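**Student:** Feature list, courtesy of TrEMBL:
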- B:59-80: transmembrane segment (TRANSMEM)
- B:86-106: transmembrane segment (TRANSMEM)
- B:126-148: transmembrane segment (TRANSMEM)
- B:160-180: transmembrane segment (TRANSMEM)
- B:192-213: transmembrane segment (TRANSMEM)
- B:259-280: transmembrane segment (TRANSMEM)
- B:301-326: transmembrane segment (TRANSMEM)
- B:338-364: transmembrane segment (TRANSMEM)
- B:385-406: transmembrane segment (TRANSMEM)
- B:418-436: transmembrane segment (TRANSMEM)
- B:526-544: transmembrane segment (TRANSMEM)
- B:564-581: transmembrane segment (TRANSMEM)
Number of protein chains: 2
Amino acid sequence: MSPTMVEHSGLDIMCLNKYCHSSSSSSSSEHDKKVFSKLKQSLSGDYPRKNAEILSGQYGTNVLLIGASLMLAIAHHGPAVKEEHLLSFVTCLMILQLIWMMWYILVRDRQKNSRTEKDVHATTCWIRGGLTLLALLSLIMDAFRIGYYVGYQSCVSAVLGVYPVIHATHTIAQVHFLWFHIKDVIKSFETFERFGVIHAVFTNLLLWCNGVMSEAEHFLNNHKRRLSALGYGNLTIVHSEPHCNCTTSTCSMFSSSLYYLYPFNIEYHIFVSAMLFVMWKNIGRTIDLSSNQKRMATKTQGLTLGPILGLLALASTIGILVVYITHVEESLRMRQSAISMFYIYGMVMLVFMCSASASGLLIYRADHMPLDTSKNPSRQLDTELLFGSSIGSWLMSWCSIVAVLGTNSSPPYRWTNLIYSLLIVLEKYIQNLFIIESLYRQQEDTESEDPELPAAPEIFSVTSSLAPPYNGIINRAYETPDRTCVTMENEQEESGEVYRCPRKPSEVPLPVGNKVVDPPNIKRQILKNIAVFLLMCNISLWILPAFGCRPQYDNGLEQETFGFSIWTTVLNFAIPLNLFYRMHSVASLFEVFRRV
Amino acid sequence: MSPTMVEHSGLDIMCLNKYCHSSSSSSSSEHDKKVFSKLKQSLSGDYPRKNAEILSGQYGTNVLLIGASLMLAIAHHGPAVKEEHLLSFVTCLMILQLIWMMWYILVRDRQKNSRTEKDVHATTCWIRGGLTLLALLSLIMDAFRIGYYVGYQSCVSAVLGVYPVIHATHTIAQVHFLWFHIKDVIKSFETFERFGVIHAVFTNLLLWCNGVMSEAEHFLNNHKRRLSALGYGNLTIVHSEPHCNCTTSTCSMFSSSLYYLYPFNIEYHIFVSAMLFVMWKNIGRTIDLSSNQKRMATKTQGLTLGPILGLLALASTIGILVVYITHVEESLRMRQSAISMFYIYGMVMLVFMCSASASGLLIYRADHMPLDTSKNPSRQLDTELLFGSSIGSWLMSWCSIVAVLGTNSSPPYRWTNLIYSLLIVLEKYIQNLFIIESLYRQQEDTESEDPELPAAPEIFSVTSSLAPPYNGIINRAYETPDRTCVTMENEQEESGEVYRCPRKPSEVPLPVGNKVVDPPNIKRQILKNIAVFLLMCNISLWILPAFGCRPQYDNGLEQETFGFSIWTTVLNFAIPLNLFYRMHSVASLFEVFRRV
């Protein structure tokens, strides 16, 4: 419940009071005037929160949909809509966002004396650091784009030159915003700021879509080229090369390097938009201070098996990537053996990942602890994104399974593909459970001196905003402390809440020694190892499709069952989601690693 | 916070206590045994709520995705996957759901002595009545399907006969379930029931997808037939007619009537799945009893303009539908005039709808009232569905706008198409705001005798689940009632909550007369008229595409810009969503009509 709401209801009652008196005593013209002034006042007043959310959310969605419809028109390669149109639209959006960010920063700077509330859960240093790295790679990409434009200057639209300049400015400004303002809880000009933030969210989402589209087209052209080379022929490859010669010697280098930088640019935009979305969710929120505490520092003792296995996975992944990319371009037999190799490697990885996640879940089952249900938009979004982005990969896997079961041809990798796809479904299923449970479990406070009551502060925190703190004190004046405790516990249980009485020191058995703290620590060390291992495995599984290892294009089984156009549509939808899933689970697993 | 959680934390502390003692006194083998039995016990115990949600949600999503991949394979018309495969899969799912529903009903019947909690917000008589009607039409459809199967018995798969029989049984059982159990708040076997309910949700969603696919294919074939007739030629129409002659004389009648019943069947399944989803959300929830009250009866006085205008819209719609369908099959000129007529009619409708929604919003702005923020999964879902299903239609409109602006050809309906599309975007934007604000506004209690305290029960309801009810009683034993009130208010205000003390009758000023209730009644009457008008307009806009008036297929503008395959993909995604949007807003507007 926000303070605004309370104010509104107060206002409402006042108005009604006035109204009662006036209607019984005054004339109707005066009454009309009053109604009019009331109307005017209400229209200029703050909009209720739910409506402001819908209002701005709908605006953002429509901005994205305009971009999406332009992209669909471009995908047709018709004469009407060209890439320039989309780029100018995106450039306008970025300029708008720049203006808003400038305005926001200026306003904040002038209000410096009044402290802004911060939501510490909104992001971590690690994520911001990672994003800064991704932003740097994006800047390099912009530099390449500018270079490319300079080379072809005479025959390409000026938009192709303006776009990278604005994009670079946008990237720098946005990184500054991320470092200094992303945690802000906005409480002034709420409705206007909502529009600003959601505009930023959807501008980044559109930039993501744009990157995904460019990348998908690149892969599709590669795929068509391979099919033509294998004699399937008859597929038109659309080249978007300009119609003049490059004036510098580096144009082809620029355009081919771009595709190695795309994956980073894509991840950058989707992550920023997720973080801005959390900021949007936080607008006008009343932060519960008790749960808004800094986390403890990360401890790295006992980390051996996880990192070693993870590095092993990472190294073998890079090997597989190189072998796959070189082999898949060659003869049919080499191609088939490369695909088989990929599936076998994938199966080994996934079996390990499944068992790691499953043992993590088993540890949690053996160690009951209530979940932390306090409000936390960032965590909520993490959960939904994990779940939502799994859908792409699940759809792809089920399609593969249907294709394997339905096909008549029998390449050597038919059954390994089936098992691999089943494992992909299972692995995401278990990993999601593990990550979400880890994020929702209450953090144990290792600094606690009292091993008897490790759960007490957490139980309290769940309900601390609900439990009237004066209660005990008032009662205690009339009853003995012990009796109070009993009554309170009974009361709270009936109303569905529990909190513990502070025990008297004499009742608490003294800690027997350091030994008793060990076992949870062993559990925690295992969990930390699992998290690190899963993190590195997810990086591996991100690297493979991001840099061109996509057997779903190459194995031909699914294409036979679903046809070229349906299957490429599925892949164009599923692969970007899958890439995002892997990156997002890396970030979540890092969070898990720091929490356990 | 669920009671389960409380139990867990209790258990946890117990375990820890035991553990402390044992580790200091007993041998390590005994300790191992204990750990093992603890593990076993914990594994068999109840799963935390959040995880159970994710666990079952992921299961349901995967069931849907298996179905989706089968459908994609069928859409390719390849040799591997046939419609029989999908139908047998869906039949299995329905049988599973039947078994679960039977089990559920049996268990409830045996527990009859212990009252089950109900969530009165979950659904209304009106919606259930409407669904029963839709279910009856679905049953007729099943009868037609059985008749069709009997005719072609000799050459079609037996699955085509089994499917309608199971579907009919499923429909009857499900309607029974809707009437007697949909409001239940499940508190026993939570994890298992979660799987049952989510299975039902996704089975219905899959049946919806299946219906949508059949309908889309029907329209696509119609469209291709028309294009061929106009000389565009070269499009293969896939006929799924069986390879033998019908033994009865009614086969063609059955198969052509099916397409008029599809829209109802489709709406039935999506609505049922939304209601079951609310039931799933309610599992294990603690219902706030104070906000769980029956609504007042609907009053219909002062309803004139809205219904009259609405009926006018409905009548003209049916006229337009008939003219459109007959004209669009004829010469190019007739076709173009039919399309122009549709757009002009649509513009008039949408302008009226926009102004109605906008005036509704203005009335709300003039009449401040805090929004009701109490937890209500049903309303939450309504909001999200309205918002989500608008996306389809918005995408379609923006694509039209891009096509109109980008095209070189200039048919007579070019600019009317542009304005129509812009109005569609605007209308959904404003209508969503109006409906959502109406649903979230607190209901004024007209039966209240006390005009001074209109907001009091609402303020109470926001926090009533948080305020410990025993408090006052205990305190009152020691203090005078008046002093208790003061302390309580202070306490609650400091902990961020507010609730009011029951005033003594002597303190409450007497109502001044009936006159004071009049003005809000005028507002309310206007709102009621708006709601009825919008409701009928939405029915009109549902009827048109549902029964074949789809100018997006016929006008050719978008197809030119986006190409045949991209544009039909967009339509296949957007039109079903749009149909659902219209039906869903009808249901929501009815709810609005009853609330204001």
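Easy rule for this one: first residue shown is 1, then count along the chain.
Any Cβ shown, glycine's included, is placed from N, Cα and C.
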**Student:** Can you work out which residues elsewhere in the same chain, 6+ from the ends of the transmembrane segment (B:160-180), have a Cβ less than 8 Å from its Cβ atoms?
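**Tutor:** For the transmembrane segment (B:160-180), the far contacts come to 84, 87-88, 90-91, 94-95, 97-98, 101-102, 104-105, 123, 128, 131-132, 135, 138-139, 142-143, 145-146, 148-150, 152-153, 200, 207, 268, 272, 275.
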**Student:** Give residue numbers and ranges for long-range contacts of the transmembrane segment (B:192-213): same chain, 6 or more residues beyond its ends, CB-CB under 8 A.
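**Tutor:** For the transmembrane segment (B:192-213), the list is 52-53, 55-57, 59-61, 63-64, 67-68, 71, 74-75, 86, 90, 93-94, 96-97, 100-101, 103-104, 167, 174, 186, 262, 265-266, 269-270, 272-273, 276-277, 279-280, 283, 572, 576.
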**Student:** If I count Cβ-Cβ pairs under 8 A between the transmembrane segment (B:338-364) and each of B:86-106, B:385-406, B:526-544, B:564-581, which range comes out on top?
**Tutor:** B:526-544
**Student:** Report, as numbers and ranges, every residue of the chain located at least six residues beyond the transmembrane segment (B:59-80) whose Cβ falls under 8 Å of a Cβ in that stretch; write 'none' if there are none.
**Tutor:** 86, 89-90, 93, 195, 198-199, 201-203, 205-206, 209-210, 213, 217, 238
**Student:** Which range out of B:126-148, B:301-326, B:526-544, B:564-581 gives the transmembrane segment (B:259-280) the most CB pairs under 8 Å?
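**Tutor:** Answer is B:126-148, with the largest number of Cβ pairs below 8 Å.
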**Student:** Which one of these stretches, B:86-106, B:126-148, B:301-326, B:385-406, B:564-581, has the most C-beta pairs shorter than 8 Å to the transmembrane segment (B:526-544)?
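**Tutor:** When the Cβ pairs under 8 Å are tallied, B:301-326 comes out ahead.
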**Student:** Give the nonlocal contacts of the transmembrane segment (B:126-148) in its own chain as ranges (CB under 8 Å, at least six residues past its ends).
**Tutor:** 160-161, 163-165, 167-168, 171-172, 174-175, 178-179, 182, 248, 250-251, 254-255, 257-258, 261-262, 264-265, 267-268, 271-272, 275, 587, 590, 594
